[in-house]
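Asks: What follows is a single structure, and I will ask about it in a moment.
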Protein chains: 2
Amino acid sequence: MRHWKENIRKVAPYVPGEQPKGMDLVKLNTNENPYPPAPGVKQALKEMDYDPFRKYPDPTASDLVSALSQYYQVGEDEVFVGVGSDDVIAMAFLTFFNSELPILFPDVSYSFYKVWADLFQIPYETPVLQEDFSIRKEDYYKANGGIIFPNPNAPTGLFMPLEEIEELIAHNQNSVIIIDEAYIDFGGKSAMELTKKYENLLVVQTFSKSRSLAGIRIGYAIGHPDLIRAMNNVKYSYNSYTMNMPSLILGVEAVKDDKYFKECLDKIIKTREEAKVSLSKLGFIFPDSMTNFIFASHKERRAEDIYKALRENRIFVRYFNLPRLDNYLRITIGTEEEMRQLFAFLEVFLSN
Amino acid sequence: MRHWKENIRKVAPYVPGEQPKGMDLVKLNTNENPYPPAPGVKQALKEMDYDPFRKYPDPTASDLVSALSQYYQVGEDEVFVGVGSDDVIAMAFLTFFNSELPILFPDVSYSFYKVWADLFQIPYETPVLQEDFSIRKEDYYKANGGIIFPNPNAPTGLFMPLEEIEELIAHNQNSVIIIDEAYIDFGGKSAMELTKKYENLLVVQTFSKSRSLAGIRIGYAIGHPDLIRAMNNVKYSYNSYTMNMPSLILGVEAVKDDKYFKECLDKIIKTREEAKVSLSKLGFIFPDSMTNFIFASHKERRAEDIYKALRENRIFVRYFNLPRLDNYLRITIGTEEEMRQLFAFLEVFLSN
């Protein structure tokens, strides 16, 4: 082996979720929003001028930061923005998780945490979820280099009440705690208000799910100005200009239109609750989801078989071939029509 | 100090170049292209549909990779794309520079190399440029963990001939060598052809300068498939979806229109050569630039004074308050009209 190859960083190649192409498919596999972005996004795109693209974008992303600070009623110095919440969380790992002590996150959780920890050579431990997939907060009452978990958790969909979150934080004042709220808008209560009380709490959210802008790549974090400043210092030491002009312009529009935002959320929540009834009738069991997906297991049929049958019929759901998860399907909540197609197929398939 | 603060990564906060706002200014400070992006970019923006934004973008950026692979006549597995060349180079540092030996880059060079090395805790040495600002290739004939330099170099504008580059590479077969060709299209000869011969050579270019798309954030690297695969593995372990939909769509259009691309380059080169004559007449000296900027020092007047006077008159050039560089101005080549305004002011200012 050539000597330079020895110095290549060793990572387990991460394989992103499948993005099938084509029109005649029902895509319920990556938790995208079935409704289009806000009308203001359409309008801003129509009015966008191409000439300014020759210049660098605003490195401070001030318009977007300002829109978020107004929306959440926090200071502009309490807002960090990045290229999707993956970028935001990666920056947070790099910025805050530099202890010799292991960071902690649930064994069943967003699979990227382990990947980032490996990439940045951060030691970690993964407390095991309880039998019902809930997080046992006492598992996090030990010396650690940091804590991260999604709330609601993924792929379980389970929400942890704010009182428990606060207890967990109160027990951890020596490390940074990141709550990854990618799915919070679908019915959970954000821990954002706790950032005023706990300066070691960082709350991360995204435009990819509830705001229908996965293709534009915007994530953000809210926290104490000391946390945000430290993250910005690292970000500017990595890439000063991460957010491009279209994302800055369109992101502002998505935040502005709260009426449309809430209408879409209401529709998705309604469809989700109806889907729970339908899934139960079909013999599925599932943790009670507060997200835009349901993590379901069938009482009699193997998840992998259902997954494959759906796939052959151009209905895509997510299947994780992992211990404890390999008899579950993660089904994104689509439009009413998409869910109708899903259930129409399942009804026939499961009765055979 | 709270315990978690001790574990914050220490970086010297990088301050990005000034992005003054407003219309009535001559902006010659960040090496942007004075001409708009290709007409195809305008057209594609006009035709862009906002509905697909709710979905994730193609994580492999296949259309853009394919466009670049066709343009440069290399395999698709020899192309890596990222959010500007800063993202590409940061990924390359993280992927390849994991040796105990120091990496090497010139003392006067792109200031971000030092920042990335600090961020990722990579040891480095900075061989001193010769008196005329040229790189002495023999300074790089020693054990090292990697080599990076821009060609043409920044902020000097000096180009190193390909024969010298090849000698330097031939002497360094044990580490990865990155040639940062951000300014290569303005008259230099790319080392891209050498990637076929040397599997440890990575050539990095950007859409921010010659392709008039700084605001869209696209950079890329060309190299042996083993290098590209290693970088993609790290990239997918950091953020799978870095390139947003508008950047993927508009980037392809910028590559397609080679005629417009070359016309703009010719205009900039012509304006640069004229600027050299004007600067000489005004009493400036400068290394012979092969870029879209000129790094100039006045024989009698202090650079800082000129910089400040220009700034007061809404003409922005770049001034580096650094050892060896603090009597130079880096002047971006703008339109003919912008340069006329610059020289009209300098003529009056320098005669007083």
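Using the three backbone atoms N, Cα and C, a Cβ is placed for every residue, glycine included.
Copied straight from TrEMBL:
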- B:24-343: domain 'Aminotransferase class I/classII large' (DOMAIN)
- B:K209: N6-(pyridoxal phosphate)lysine (MOD_RES)
Asks: Suppose we draw a 10 Å sphere around the Cβ of B:K209 (N6-(pyridoxal phosphate)lysine). How many other Cβ atoms does it contain, all chains included?
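Replies: Summing over all protein chains shown, B:K209 (N6-(pyridoxal phosphate)lysine) has 25 other Cβ atoms within 10 Å.
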Asks: Can you give the mean pLDDT for the domain 'Aminotransferase class I/classII large' (B:24-343), rounded to a whole number?
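Replies: Result for the domain 'Aminotransferase class I/classII large' (B:24-343): average pLDDT 97.
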Asks: Give the helix, strand or coil assignment DSSP yields for the residue listed as 'N6-(pyridoxal phosphate)lysine'.
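Replies: Going by the DSSP assignment, the residue listed as 'N6-(pyridoxal phosphate)lysine' belongs to neither helix nor strand, so it counts as coil.
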